[in-house]
Amino acid sequence: MSTMKFCRECNNILYPREDREKRILLYACRNCDHQEVADNNCVYRNEVLHSADERTQVLQDVASDPTLPRTKSVRCANCKHGEAVFFQATSRGEEGMTLFFVCCNPNCGHRWRD
């Protein structure tokens, strides 16, 4: 995994830069002229440590989104709160749209679908 690199001359951060002529990746200082060849071509790596399912698509703070519609006609199965935001989205492997609900209780955040 890539780590931050620092300039040996002035201790500022080194930024990735491409040498198009030599077709290599360099790390260059923006403060002085120091640059060094990268020992690894990986600049950034994002590791997802949870299973990829429909919950991945729902953000944690969706209940506080003022642009989403709210309803008081449903009740959360977890905390019995009487308000939820809702939106439609496609579920993986399914055709058509699915109605998703997210509890508006800030201590709960339970998600379910209709």
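Heads up, the Cβ atoms here are built off N, Cα and C, so glycines get one too.
Model, not experiment: these values are computed from the prediction.
Per TrEMBL, these features apply:
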type: BINDING; residues: C7, C10, C29, C32; note: Zn(2+) 1 binding site
type: BINDING; residues: C76, C79, C103, C108; note: Zn(2+) 2 binding site
type: DOMAIN; residues: 72-113; note: domain 'TFIIS-type'
type: ZN_FING; residues: 7-32; note: zinc finger
Among C7, C79, the most crowded of the binding-site residues [Cβ within 10 Å]: C7
8 Å Cβ shell about C7, C10, C29, C32 centroid, Zn(2+) 1 site members excluded: R8, E9, N11, N12, L14, R30, N31, D33, H34
Tertiary contacts of the zinc finger (7-32) (same chain, 6+ residues out, Cβ under 8 Å): 38, 41, 43
Which of C29, C76, C108, all binding-site residues, has a Cβ with the fewest other Cβ atoms inside 10 Å: C108
Residue distribution over DSSP helix, strand and coil in the zinc finger (7-32): 0 helix, 13 strand, 13 coil
Residue among binding-site residues C76, C79, C103, C108 with Cα closest to the Cα of C7 (Zn(2+) 1 binding site): C108
The domain 'TFIIS-type' (72-113), counted residue by residue under DSSP: helix, strand, coil: 0 helix, 17 strand, 25 coil
